[in-house]
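What TrEMBL records for this protein:
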DOMAIN    173-336  domain 'Sulfatase N-terminal'
TRANSMEM  6-24  transmembrane segment
TRANSMEM  31-57  transmembrane segment
TRANSMEM  88-107  transmembrane segment
TRANSMEM  119-137  transmembrane segment
C-alpha cells in the first residue's frame, strides 16, 4: 500500500530527529565544530519552515505548493478571513517555537562543551540522516518540481490569437456573469446530491451547457479562474508584473471587460469579500469595469447592516444588492454587464420574481 504525503512528511520528521541526535552527540569546539553548529542551525530552520509550509499549503490545495500558494505569497493575503484558519496559524507558530527550543538547547550544549576533538563519525551520520529527511520529504520534491517546471512563453506568439470581436446586433445583449465559489458540476448530479440545485437545473435545460471542461495550470484557484475565463490566459508569473507590489494587473492582456468596454458596455463587478484580496479590484479596474464593490464599499454604504462573516457579506445579502443594481441598470440606454463572485456555493431559492431582460 502506497504511503500518503502525510506519512512521508512524518517519516522525514522522524529522520530529522535522528539527525539531531547524532549532531547533539557530535558537538565539539573548534573551527570544524563551529561550522557544523552554524550549518545545523540554518538547515534546521529551513527544514522546519519548509515542512510546516508544505503541510499548510497541502491543507489548502491538496497538492502542496502550487501556483496559488506562490501567487498569494506574492500578492499578499489582505482581506482573507484569517480567523477561519487560527488553528493552522497556531500549529505553524508552535512548530517554529519547538524548532527554536531545540536550536537553543543545541547552542547551550555547544557553549558548555570543552572537547575540541572532531567527531567526524557522528557528524557524518547526522549528515546522512539530514539527506534522507530532505529526500523523503514531499515538500522537497514538490518544491523542486514546481521551481524547475519552467513557465516558458517562448512559443506564446505562435499560438496566441488576438481577440477581435464584431457586434452585429443593433441592440447588444446585456450580460450577467456569475462566479459561484467552490461550486462544481458534481453538485448537480442528482444521484449524489438530490434536490440541491433545482433552479440551476431549470436554467441548464433552457440554456447552452458546457461539459468536460478542463483545467489548466494557472487556472485552479478563484482569481486564476476569473482571469483565465475572461482573458483566455492562465494566471502565470510569466504574464504578470515582475514586481511584488503590483500597480496594474496584466496590462497587456485583452480581456472580456476590455472588449465589452470598447463596444460601449457599462460594466460592474461585486463580491462579498474585500476587493484587495488576491487583487480582484485591481484586475477589474484595469480591464474595463466602471463600478467595483466589495466588503468595504458595502459596509460604507450600510448594506447588510454589518450582517457579515470573517470574509465579507453573506451571499443572500449580495444577491439582494445585485437585484437592486440590475433593476437600475435596466433603465439605462447603453448595454451593460454585471459580474459577481459569491463566498460560498449557494443559489437563490426563488427567482420567479426577478424580471431581468437579457
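A Cβ is built for glycine as well, from the same backbone N, Cα and C atoms used for every other residue.
Listed by sequence, the residues of this chain that lie at least six past the ends of the transmembrane segment (6-24) yet keep a Cβ under 8 A from its Cβ atoms are 36, 40, 44, 47, 51, 54-55, 102, 106, 109, 122-123, 125-130, 132-134, 136-139. Within the chain, the transmembrane segment (31-57) has long-range Cβ neighbours (under 8 A, six or more residues past its boundaries) at 6, 9, 12-13, 16, 20, 23, 64-66, 69, 88, 91-92, 95-96, 99, 102-103, 106-107, 110, 113, 116, 118, 123, 126, 130, 133-134, 137-140, 142-143. Across all of the domain 'Sulfatase N-terminal' (173-336), the predicted model scores a mean pLDDT of 87.
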